[in-house]
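Per TrEMBL, the feature ATP binding site maps to G54, V55, G56, K57, T58, V59, D96, E157, G158, A159, G160, P249, Y250, L251. For T58, D96, E157, the entry in TrEMBL reads Mg(2+) binding site. Marked as active site by TrEMBL: K79. Taken from TrEMBL, the feature substrate binding site applies to S83.
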Amino acid sequence: MVWGHHLLPGGPLPFCGGFSYREQGLQNPATAQSSAPGGGLMGKGYLVTGTDTGVGKTVITAALVGVWRRRGIDALAVKPVQSGAVMQDGQLIPEDAAFYRRAAGLSLPMDELNLYRFEPAVSPHLAAQLSGESIAPGRVVDFCRQALQKHHLTLVEGAGGLCVPLSGPEFTVAHLAGELSLPLLVVARPGLGSINHTVLTVAYARNAGLAVAGIIINGQKQEEAGPTEMNNPLVIEAMTGVRVLGIVPYLPAVSVEEGRTGGLLDAVEQAVAWRELL
């Protein structure tokens, strides 16, 4: 693997991998305009990323969109690239997008919520490879831009964390956020290790030129919340300067895989400062 820069103390922290916007046929976010190609105005949006895989990005994404929609806001969630899709009746079902539909009450066709879907439950670039396919960065960006143009508020859910390759090291989740000029919402775990993971994610994002709009801690079991869980949000805010927008409790009745949404929207509406994202 060839990296674009060496990570030196005090030096710039680049996007993962050597990357050229020109070579990929993409627009550098530093010169991006607020309108989409063709002149259409872009709606507001965020890219939802995590400190790791399995932190609850899909649950938080679906819940926020659901809360906004029941308040009358034209909100949408999209998952441009999904690995670990499930085969049902001869068709691949992207479970994250299916969960959006159920939890947030979305009625759009699945193809408007998800562009690429692969069955292997591995990093997207490898899932595509194992499936004999490839992911075109330009198609991913265009898919997201179309959603941003059509809706007042759009959440784009990444895969895993910022450095996860979508098509390969030349196009990661971080590249996608940069190309779309979207600020980040970072979903983090509540327990031991979360300070390090979250601070590193925010530091990497900033050094890559990405804004971080807020952090949401997900999955806190109240009966197990001790000094670590109580102290983590304070330290994370102090070390990053980014507000922790909420701490969402562990919800055993919620399952993305089984499509169970029990109490999700109410819990997130109460726990998260969602109005600050409007």
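The first residue you see is number 1, and the count goes up from there.
Note: Cβ is positioned from N, Cα and C throughout, glycine not excepted.
TrEMBL: automatically predicted annotations, no manual curation.
Structure with TrEMBL features highlighted.
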residue: G54; record: ATP binding site; DSSP (3 states): coil
residue: K79; record: active site; DSSP (3 states): strand
residue: D96; record: ATP binding site; DSSP (3 states): helix
residue: E157; record: Mg(2+) binding site; DSSP (3 states): strand
residue: Y250; record: ATP binding site; DSSP (3 states): coil
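For the ATP site listed in the record, the two most distant Cα atoms among G54, V55, G56, K57, T58, V59, D96, E157, G158, A159, G160, P249, Y250, L251 lie 22 Å apart. T58 (ATP binding site) and K79 (active site) have their C-alpha atoms 9 Å apart, to the nearest angstrom.
Candidate binding-site residues: G54, G56, G158, G160. Nearest to the residue listed as 'active site' by Cα distance: G158. The number of other Cβ atoms within 10 Å of the Cβ belonging to the residue listed as 'active site', over all protein chains shown, comes to 26. Here the CA atom of E157 (Mg(2+) binding site) lies 13 Å from the CA atom of G54 (ATP binding site). Reported as a whole number, the C-alpha separation between E157 (Mg(2+) binding site) and D96 (ATP binding site) equals 9 Å. The binding-site residues under consideration are D96, E157. Their Cβ neighbour counts within 10 Å are lowest for D96.
Same-chain neighbours of the Mg(2+) site beyond T58, D96, E157, judged by a C-beta within 8 angstroms of the site's C-beta center, are, in sequence order, V48, K57, T61, A62, A77, K79, Q82, A97, F99, Y100, V256. Neighbour list (G158 (ATP binding site), Cβ cut-off 8 Å, at least 6 residues apart, same chain): L47, V48, T49, G50, K57, V164, V173, L176, A177. The two recorded residues, G160 (ATP binding site) and the residue listed as 'substrate binding site', show a Cα separation of 11 Å. Most buried of the binding-site residues G54, G160, judged by other Cβ atoms within 10 Å, is G160.
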